[in-house]
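Trainee: Sharing a structure, written as structure tokens. Questions coming.
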């Protein structure tokens with residue numbers, strides 16, 4: 001596998017659809033806004049896109065830990081873009097700084 005450089009970056013965009021809402025995942029009493037697990041999905045896809053060009057054919061990557069704050073409600077129809085940047089590479093462990101707006 002080619003060496004993954006610190007600073008490698010990627011993005012992933014999704015448009016909030018009704019099936020992505022918190023009131024569909026957890027409790028129908030919740031407001032109709034983007035569910036946190038779907039925000040994490042976008043963030044993990046951005047991280048994968050940051051390193052995809054450095055992976056061998058047939059290789060992928062899997063997130064093992066997340067530390068996030070979900071601080072804004074996003075309704076149906078809004079676009080969310082996650083951006084990830086590699087901040088540390090230690091052997092097979094890769095650390096990313098990720099934002100979603």
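Heads up, residue numbers simply count up from 1 along the chain you see.
Glycine is treated like the rest: Cβ placed from N, Cα and C.
Sharing the record's features from TrEMBL:
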- 16-101: domain 'Fluoroacetyl-CoA-specific thioesterase-like' (DOMAIN)
- 36: active site (ACT_SITE)
- 44: active site (ACT_SITE)
- 70: active site (ACT_SITE)
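Where in this structure would I find these features, and how exposed are they?
Mentor: As a summary of secondary structure, the domain 'Fluoroacetyl-CoA-specific thioesterase-like' (16-101) carries 26 helix, 24 strand, 36 coil according to DSSP.
Listed in sequence order, the residues of the same chain lying 6 or more apart from residue 36 (active site) and placing their CB within less than 8 Å of its CB are 22, 68, 70.
Under a cutoff of 8 A between CB atoms, and with a sequence separation of 6+ in the same chain, the neighbours of residue 44 (active site) are 63, 66.
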Trainee: By a simple count, how many Cβ atoms lie within 10 Å of the Cβ of residue 70 (active site), its own Cβ left out?
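Mentor: Neighbour count, Cβ to Cβ under the 10 Å cut-off: 15.
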Trainee: What is the average pLDDT across the domain 'Fluoroacetyl-CoA-specific thioesterase-like' (16-101)?
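Mentor: 96, rounded to a whole number.
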